[in-house]
Each structure stands twice: as C-alpha cells, then as structure tokens.
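*Asks:* Before anything else, here's the structure in question.
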Amino acid sequence: LFFCVCVCARGSGYNLLRDPRYNKGLAFNERERETHYLRGLLPPAIVSQELQERKIMHNIRQYQLPLQKYMAMMDLQEGNERLFYKLLIDNVEELLPVVYTPTVGEACQKYGSIFSRPQGLYISLKEKGKILEVLKNWPERSIQVIVVTDGERILGLGDLGCQGMGIPVGKLALYTALGGVRPSACLPITLDVGTNNEALLNDEFYIGLRQKRATAQEYADFLHEFMTAVKQNYGEKVLIQFEDFANHNAFELLAKYGTTHLVFNDDIQGTASVVLSGLVAALKLVGGSLSEHSYLFLGAGEAGTGIAELIALEISRQTKAPIEECRKKIWLVDSKGLIVSSRKETLQHFKKPWAHEHEPVGNLLDAVKTIKPTVLIGTSGKGQTFTQEVVEAISSFNERPVIFALSNPTSQSECTAEQAYTWSKGRAVFASGSPFDPVEYDGKIYVPGQANNAYIFPGFGLGVVMSGAIRVHDDMLLAASEALAQQVTQENFDKGLTYPPFSNIRKISAHIAANVAAKAYELGLASRRPRPKDLVKYAESCMYSPLYRNYR
C-alpha cells in the first residue's frame, strides 16, 4: 500500500525528516529517498523498523533513572511518531511505567526543568474571551478525544499547575498505543488557572502563570467558555476526559456537563470501572457475590466515592435492590474517621450518600475491627496507611482478605505488595495502582495485580468513538468492567491475578470497546449507523497501526 506525501520541492525532504508524523529515519528506501529529495540528508544505510526498535530499546535500557527513559521516549515521540508507538505497543509492560505512572508523576514535578518542546495546547486565563481562537491554532481539525487537566490534583502529588501537562500527554499516548485511537485525533490540553504551589511560584523554571488559582465564578466562567468552545469547534461527538481536577471541581464539572457534552472523568469513572472489574475477578478466588461482601474504603474523594457508587450500582443491578440499600454495604473513612450519619451536616455533598448509622470511629484500624470488611480499598493518596496492624486485623476474620492499595505513584501506595502478602501470611488477594514486582513468601511466588486505569480508558474511548456516542452513561462503565473481567483466564487466576497481563492489552481494549459500543447502541446513544455486525472485529479494524507506510 502506498501513501502520497506532499513533498514537491527541493528542501522539502529536510522538512519531511523533521515531521514526526512522516519521518522514518534510516527506514526510507532508495526510491523514497530519490522521490522526496532525501539524498545526502541520510547516511546510505537502509534499516527496517524492527532494527530501529531493537536499537532504541537497547539504548533506553542503558539509562539508570526512569526519568531519563521518560525523556528519551518523549524525544522519540517528537521525532518519529510511528516508531514511538511501535516501541510502546511491543514493549507495553516495560514501557507503560515509563510513559505513565509512576514516572510521569516525577516528570510533572520537574516539567519546567525538562521542558524543551511544547506538546498539546496550553490555555491560560490570559486567553479568556479568546478560547475558540486558541483551539483553532491547533493544526488538526478532526479531533475525537481531548484529555484536559487544570493540574490541581496530579496523581497523589497535589497542585502542579501548568506542569500537569505530562498527564494529558501520557494518557493520550495510551489512547493510541493501547486503544488504537489515531494520534492526530488526540488533543492534550492544560487549563492554566494559576497554582497555589508556592514552590512552583518561586521556581525560575516554572512554565505557567505566576498567580494564585482562580476560583468560584471566575473559574466557572473560564471552564464554561472552554466547554462551549470545544463543542463549537469539534462538535458534540468529541470525548472530553477530565483528568486530575481537585475533588470539589471534578464532581461539579461531571454533573454540570454530563447532560450536554460527551464527558468522562477517569479519576471518578475510569478508576471505578477498573476496580469493579478487579473485584468481580477477585470473587472467583474468594467466593461469593458482590452483594455478599462488605467494603471499607480509606479515602472518600473522587476515586473512593466513584468506585463505591459503581459497586453499589452493580449490586443493585444484580439483586434488583434499591441503590440506597446497596450503599449500606460500603463504608468510607476520610481524614476525620468513619463517615457516619452524625457527621452529615459537615460533609461535602459527594460524601453524604455514604453517611450510615453508626457510632463515630476515629481511625482506620478501629473501623476495620468494627465493620469487619471482607474488602479493603485504599484511595487516600497517603502512603503506608495500611499498616501491619490493619492488614493483620482484616486477615484475622477473613480467610482471603481482598486488599486493593490503589494510590499513585508507588510512594503513595497504602502498602506494598510484599507487606500485604507478608502480613496476611500469603492469604491476601492484592492489587495496587502502581506496579509492584512479584513477591516470594514462604516458598511461593505471588504476582500482584495492577488496577491500572489504562486497562479501561483506552478501550472505553475507542468504543465511544467508533459508535459515535453522544453521551456517557453509567451502564457503559459497567459494560467496560464486565468486558475486562471476562479477559482474566484460569491461568491468571491460578497465579492469584485479578487482571489479565498487559501484553494482551490491544485484544482486551477491542473487547472493551465492543462491549461499550454495544451498550451505547442498546441505550440509543450511538449515532454511527448502521451498527457493525461484529463489533470486536470492527474495533480491531479501527485501530491505528504504527507500521511504517510506503510513500509514493
């Protein structure tokens, strides 16, 4: 198959080598070098994409520091797009922690120092009143997925302001590598409304506005202008993924724009979907149905309440019981202790559904001893909060305690895999948000699961895009969970895994996309007609290929 590239004058070959979308480096063949004025601009050797991949992987493995590997990958993305995605797809288990969590957290912290070339769109308060014009500065017109952040709550690292751009860039790299969405259809955006991080405001290398964060009406007006401009410029079928907004804004934005735009919050909905899938799979190991278990969360923010609500929704769907009854099986602990009804007046609105009748309990350990949960889930953003006493307590009344320590990056994980397996004497069914190596305990190897959102959002996004969905519905998130859980094999279960290996991620994403699209069609939310007969095959056919094209 040959593709036409508009190179029609001497000197254009030089530009071709500097366009990451078309550059192939030494893989340009003799005819292409002749036709596109590349003679003399490249050494005479002609190499395959496979050899280029081997060489770059060899070079990346020489770096000692993860941040060096991250920077090498970002340089490759800026120089040779297809080779970048070929590397990421073929070496996903090795490179996922490099281009995303946990390394992306350090990259965001140091973004000002390592910044060399801009990626994505930066829209600051200076552009108020002109956001539509700014969007039109982006060269691509056919955008299908936008990931946007205001940098206020980056992973478990807090307010990183404009330097949060590493998150949308990393997420969209995964939309392409894992979900097959075309790179040209992806747009990373950072909304710079200031930062309250004093260290950044005083950092000479900081790349954002040097002012305190906009709040209240000023913030709401700015966001509204942005959301209106996106819909006006790209239409209503562009998926807008909110990423790493602070709790108070995240819930409000999802509620406000969920009925008028195609919006998705990965921290609330993506995390919930991937964790529900892990729990469904974990039940194959511990027995019982979702409704027969009790759940205790440490952390009652976006992730914690989002997961809790999706679990309650699924229990309600399975048992036909009212959602209010199903919520009573789920308890949350925040910084002030167990969320109970006597605290209702002082609670933020998103915590109120979880305020059950119970005497006050001041800390996690006492809550574990009182509630006696079968499932313990950490979304606190605070490392080492699942102490030895906590793990031993839940293990004392559960043969197979389910422990999910989900906070990112690794330093913020509520406990390590080794701690969970050691303190539970090898009985815990464990998963974490960031990756941990296999653990040997008492002569047996335990492989921890990773409840990584990257299992869900790329396939979810592909399903939304390929069906032409106009809104996101909770049932589509349940469909994504269900599809992921179905991909866990008996061999995975035998190793104690609650998630399938990432090496099969494109196949997994195709099944998730098909399930999500099927639900969109069933709910009447899909606009692409006619509906494809085989949605899995259609999903696979829609996926971007990183293989080099031959140019005429």
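Every residue number used here counts from 1 along the chain in the order it is shown.
Including glycine, each Cβ sits where the backbone N, Cα and C put it.
Curation does not apply to TrEMBL; its annotations are automatic.
TrEMBL feature annotations, pasted as is:
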{"type": "ACT_SITE", "residues": "TYR100", "note": "active site, proton donor"}
{"type": "ACT_SITE", "residues": "LYS171", "note": "active site, proton acceptor"}
{"type": "BINDING", "residues": "ARG153, ASN408, ASN452", "note": "(S)-malate binding site"}
{"type": "BINDING", "residues": "GLU243, ASP244, ASP267", "note": "divalent metal cation binding site"}
{"type": "DOMAIN", "residues": "77-258", "note": "domain 'Malic enzyme N-terminal'"}
{"type": "DOMAIN", "residues": "268-521", "note": "domain 'Malic enzyme NAD-binding'"}
*Asks:* Using Cα coordinates, what distance in whole Å links GLU243 (divalent metal cation binding site) and TYR100 (active site, proton donor)?
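*Replies:* That separation, Cα to Cα, works out to 13 Å.
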*Asks:* What is the nearest of the recorded positions ARG153, LYS171, ASN452 to ASP244 (divalent metal cation binding site), using the Cα of each?
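*Replies:* So, spelling it out, the nearest of the recorded positions is ARG153.
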*Asks:* Which recorded positions (TYR100, ASN408, ASN452) fall within 10 Å of the residue listed as 'active site, proton acceptor' by Cα distance?
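*Replies:* Those near the residue listed as 'active site, proton acceptor' - Cα within 10 Å - are TYR100, in sequence order.
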*Asks:* Around the recorded divalent metal cation site, report the further residues of that chain (criterion: Cβ within 8 Å of the mean position of the Cβ atoms of GLU243, ASP244, ASP267; site residues excluded), sequence-ordered.
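*Replies:* Those within range, site residues removed, are THR149, ARG153, ILE154, ILE167, PHE242, PHE245, ALA250, ASN265, ASP266, GLU302.
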*Asks:* Pick the one among the recorded positions ARG153, LYS171 whose Cβ has the fewest other Cβ atoms within 10 Å in this structure.
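*Replies:* Looking at the recorded positions ARG153, LYS171, the Cβ with the fewest others within 10 Å is that of ARG153.
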*Asks:* Just counting, how many other CB atoms are there within 10 A of the CB of ASP267 (divalent metal cation binding site)?
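*Replies:* For ASP267 (divalent metal cation binding site), the count of other Cβ atoms within 10 Å is 23.
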*Asks:* Restricting to the record's (S)-malate-binding residues (ARG153, ASN408, ASN452), give me the longest CA-CA distance in Å as a whole number.
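*Replies:* The widest Cα-Cα gap among those binding residues is 18 Å.
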*Asks:* Among the binding-site residues GLU243, ASP244, which residue has the fewest other Cβ atoms within 10 Å of its own Cβ?
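*Replies:* The binding-site residues GLU243, ASP244 were compared, and ASP244 has the fewest Cβ atoms within 10 Å.
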*Asks:* Distance between ASP267 (divalent metal cation binding site) and ASN408 ((S)-malate binding site) at the Cα atoms, whole Å?
*Replies:* 11
*Asks:* Tell me the Cα distance separating ASN452 ((S)-malate binding site) from TYR100 (active site, proton donor), rounded to the nearest angstrom.
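*Replies:* Cα-Cα distance, TYR100 (active site, proton donor) to ASN452 ((S)-malate binding site): 10 Å.
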*Asks:* Across the domain 'Malic enzyme N-terminal' (77-258), what does the mean pLDDT come to, as a whole number?
*Replies:* 96
*Asks:* Just counting, how many other CB atoms are there within 10 A of the CB of ASN452 ((S)-malate binding site)?
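*Replies:* Excluding its own Cβ, the number within 10 Å is 27.
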*Asks:* My understanding is the cutoff is Cβ-Cβ under 8 Å with a sequence separation of 6 or more in the same chain; which residues meet that for ASN408 ((S)-malate binding site)?
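*Replies:* Residues satisfying the criterion: THR101, PRO102, GLY105, LEU155, GLY156, GLY433, SER434.
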